[in-house]
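Below is one structure, written out as structure tokens; the observations come after it.
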């Protein structure tokens, strides 16, 4: 990279980097350090109080069954959203890339949910599954005489949030798998076909391994989406509820930070939760780099 | 032969089902946005003629117009600032001899491990102390720089043939001349992809505006949807809400249509490499 570095005006270079450094420093690095500091204080924004408590809030979190329940719910939710999202995305991408008429039309029609925000996805599903006036219950009432309380029953509400989240991201996964499928080396698949490999064998032993770099990339994008971006969907659709056991079934980790920080005004306690999540994000990023090296060289 | 025809028919059938299933919530919103009164709250899926009434009542009565305008200011502000700061920083990192360049780039990339959603507690404190609560700058400036943008543009700049730089140098072009006359014209795909990603990112912001904006005059549409739903305490006018969601979907769709090609050229291809 130094081979092409030719301009020598250091001050100019520094000026060009300055806006970025100021923004990242002031709005990311400083708040990160401040979050770390707040996690050691029992603090409250409203009353402007701060009492140093050391690691007490971390201890409180790690002995709180409700926190573990949220953690478990988040893990299950993420696993389902990532797995179903990739499985549906890949299946539809393969079907929509068959040599048939109108394949491009199918692809663009399937892409549209990606243009929606998670908040809008939540709004649409909230209306469709409204127990009194929603379309789903209107139909179920007419056909079977039943009207499930979709958002009051924990299992139904959880399932609904999972499928709404998967639905919203299908277009994204489809777009990336489509691009990857179109860049596959055709010779390899032809060679496999000539050697008598069945379509399933060709998919399992040729296509799937060749797609592993993009699957790897999508895995982490979808994971980030499931952990953070589904916040608005949850907020509109279930607001963290309904309660099952110790806490709301859709009170995932990020929703907990919001509730404790901005509804219960336990600033320090929310900061401690944010620090735990930052540690998890760090762990996942390290994992991503470790495995990433192997995937790229292996494929 | 017959088996082949059958197989193709089956693929079509599955795809049509998938399109209907995936597209249904949108078609549903479109139909319901045209209905009024009891038809909205029934299983009736026949389009009616009240789209304009619903749009007007959302736009004026439920402040949709205000929310959309605010979202535009925020999304465009974030996008423009991110593209400009990223281009400047990427150029400094690639074309200038500066000390500790590797360290600076690492510090920039490390921010990818600091999702702003996790920093909202401290950010709330900071922005309040700056006196920015309920202002546009509170939801624009914290997002004015982008590690992703710098990474993508840096990658792209490094692939620009060095001979072009030599030619520009021989012609006596300074850094900015080189940036505007050579680099930017060569980078439209990457800039287009970046613009699309950042516009959608800005348009879809939710958690931060929900926390920091407490008065509706600066609220964005994504959070505003909640107040559309919550209008008239409990008795939601769903026809009006559906009309509102359609308007909120439009800008990202327009951006996709305009920049989709750049997106797949500048981003998907570089990702899969």
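Even glycines carry a Cβ here, placed using N, Cα and C.
Computed from a predicted structure; not experimentally measured.
Look at TrEMBL and you will find A:12-32, A:71-97, A:109-130, A:150-167, A:208-228, A:268-287 tagged as transmembrane segment. Residues or ranges marked as domain 'ABC transmembrane type-1' by TrEMBL: A:71-288.
Counting residues 6+ beyond its ends, the transmembrane segment (A:208-228) has Cβ neighbours under 8 Å at 74, 77-78, 81-82, 85-86, 89-90, 165, 169, 172-173, 176-177, 179-181, 184-185, 188, 252-254, 284, 288, 291-292, 295-296, 298-299 in the same chain. The listed stretches are A:12-32, A:109-130, A:150-167, A:268-287; of these, A:150-167 has the most Cβ pairs under 8 Å to the transmembrane segment (A:71-97). Within the same chain, residues 92, 96, 136-137, 150-151, 160, 164-165, 167-172, 174-175, 229-237 sit at least 6 positions outside the transmembrane segment (A:109-130) and bring their C-beta atoms closer than 8 Å to a C-beta of that stretch. If one looks beyond the transmembrane segment (A:150-167) by at least 6 residues along the same chain, the residues whose Cβ comes under 8 Å of a Cβ in the stretch are 73, 77, 80-81, 84-85, 88, 113, 118, 121-122, 125-126, 129, 131, 134, 136-137, 225-226, 230, 233-234, 237-238, 241-244, 249-250.
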